[in-house]
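Participant: Mind looking over this structure? Questions follow.
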Amino acid sequence: MGKKSRVKTQKSGTGATASVSPKETLNLASELLQKCSSPAPGPGKEWEEYVQIRSLVEKIRKKQKGLSVTFDGKREDYFPDLMKWASENGASVEGFEMVSFKEEGFGLRATRDIKAEELFLWVPRKLLMTVESAKNSVLGPLYSQDRILQAMGNITLAFHLLCERADPNSFWQPYIQTLPSEYDTPLYFGEDEVRYLQSTQAIHDVFSQYKNTARQYAYFYKVIQTHPHANKLPLKDSFTYEDYRWAVSSVMTRQNQIPTEDGSRVTLALIPLWDMCNHTNGLITTGYNLEDDRCECVALQDFQAGEQIYIFYGTRSNAEFVIHSGFFFDNNSHDRVKIKLGVSKSDRLYAMKAEVLARAGIPTSSVFALHFTEPPISAQLLAFLRVFCMTEEELKEHLLGDNAIDRIFTLGNSEYPVSWDNEVKLWTFLEDRASLLLKTYKTNIEEDKSFLKNHDLSVRATMAIKLRLGEKEILEKAVKSAAANREYYRKQMEEGAPLPKYEESNPGLLEGGVVDSRLPLVLRNLEEEAGVQEALTLVEAVSRAKAVENGLINGENSIPNGTRLEKEDLNQEQSKRVTEDAKEPSDSTEEVKE
């Protein structure tokens, strides 16, 4: 899938002949685990910590050079085997072929005309690599004893993948041998390529991903060397950082949530064939059919014979695409930049603001987003900023006034300002905040554009610079939009324009990932998807936010690492037909502690 660079392709489990003392590596792994388990560094110290962790990782990689499992041939040499295997096991293989596209790498190309909403691809459960198949594999005994594997399905999948890759007779070998040998996720970035991301909003997630992956490797290296249930694993004599990085990258770029066989819970899966599809803007058109027990995908649009077949991965930002999928998507209509805001506890009105926010279902401190499209802020961020800028009298009105409930409902509705003065304040604040963020970058927009145009850069360096450029463009648009809104409301205030009446209002939608948690039906009418954003009122949003704990998470606000504890259940309605979010963005960045 996507544009994934490939140094050498893997085909059969052949270990290298190099030799290194397990005890020597174990000592380095212990040092790495200790370093990665230390408290988070203070402001401005993250880069220093990253370099230190990277240095330890490179020492381990150097010791392990030549020990990784390798495969012969090129990735594409084994596409025919994959198609044959898929066909023999009930998957659809007609109407498309796997080819290399100049810009996006390998993908699916239509060999016949395919109509929009036509079911063209299905993959039965038996072909999927899942947490359940991992528990029933050679990994099962260790899984039953290790709390990290039990709690984090993505790590379980990564080890499942490694164990099956090391077995030449694995059922999934036709699939595994077609996976890329390396990826363009930041785990593969050189230090100079990561340096291009310094001062960006995304860099913190890059650091976190690298640190947590290193911590996981160090933890599991010790487990594999010392745990009695790890003795029979094919990784016992060769579990390298290189292998683990490959496995977690394979999983983070491909994992998806599907229902378990009885439909009672969700689990993680790798889906052969389907994961070859590249991304474009659109709607999610993939779901899981419990009746036929298979993953199904309908066409996003009409595809003519010879055209590439695209799917929509979800409403991801480019930071999420780069960090979790290893590519940058130009003209991403869902791109956004994180912005962390909170009400200071030293604010004399903190208690009142906290109460109003609580009634609206908004935390006093949270990470919001500035969007590429207009308006640049979500209903939730608008509501937060309104409360943040309220006077004492305005807060009292929202807590004790005659229309207090209506006022809470309309906090996220742009048509019903709290007051003209409040609107001027919030847009002024947003303009100032976005302007300050712009000043933290070491280069400006024009310099980045010039650098991209005039330098011969690696794929990863290009992605990094495009990502920081995209952040600046979003922030600059936010500054301009905020300034325009500020002046508009200032004019309304100066002219003494009347405020809209609350009794004429409809509840405003407060976003917070709740919309994405609605479960569309497989093969649903795609036109209905456009109305989802309007379907939830604030009241529904708050109540559904609590219900999300028992449901399937779609979209960008998924559970960390795309997994949940095995005991969690789907409700009865969700069990009938569950749709997973295309290309879960989750990665293996959850903390692992010894």
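Including glycine, each Cβ sits where the backbone N, Cα and C put it.
Features from Swiss-Prot:
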type	residues	note
REGION	1-23	region 'Disordered'
COMPBIAS	10-23	compositional bias 'Polar residues'
BINDING	Arg75, Glu104, Gly105, Phe106, Arg254, Asp275, Met276, Cys277, Asn278, His279, Ser325, Gly326, Phe327	S-adenosyl-L-methionine binding site
DOMAIN	94-314	domain 'SET'
REGION	553-594	region 'Disordered'
COMPBIAS	564-594	compositional bias 'Basic and acidic residues'
Participant: Looking only at the domain 'SET' (94-314), report the model's average pLDDT.
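Facilitator: Mean pLDDT for the domain 'SET' (94-314): 96.
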Participant: What is the number of other Cβ atoms found within 10 Å of the Cβ of Phe327 (S-adenosyl-L-methionine binding site)?
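Facilitator: Summing over all protein chains shown, Phe327 (S-adenosyl-L-methionine binding site) has 23 other Cβ atoms within 10 Å.
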Participant: Can you check which residue among the binding-site residues Asn278, Ser325 has the largest number of Cβ atoms within 10 Å of its own?
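Facilitator: For the binding-site residues Asn278, Ser325, the Cβ with the most other Cβ atoms within 10 Å is Ser325.
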Participant: According to DSSP, collapsed to three classes, what secondary structure does Asn278 (S-adenosyl-L-methionine binding site) have?
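Facilitator: Once the DSSP labels are grouped into three classes, Asn278 (S-adenosyl-L-methionine binding site) ends up as strand.
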Participant: Is Arg75 (S-adenosyl-L-methionine binding site) helix, strand or coil when read with DSSP?
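Facilitator: Note: Arg75 (S-adenosyl-L-methionine binding site) is helical by DSSP.
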Participant: Would you work out the biggest C-alpha to C-alpha distance among Arg75, Glu104, Gly105, Phe106, Arg254, Asp275, Met276, Cys277, Asn278, His279, Ser325, Gly326, Phe327, the residues that bind S-adenosyl-L-methionine according to the record, and give it in angstrom as a whole number?
Facilitator: 20
Participant: Going by DSSP, is Ser325 (S-adenosyl-L-methionine binding site) part of a helix, a strand, or coil?
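Facilitator: Where Ser325 (S-adenosyl-L-methionine binding site) sits, the three-state DSSP reduction gives helix.
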Participant: Quick one: give me the count of other CB atoms within 10 A of the CB of Gly105 (S-adenosyl-L-methionine binding site).
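Facilitator: Neighbour count, Cβ to Cβ under the 10 Å cut-off: 20.
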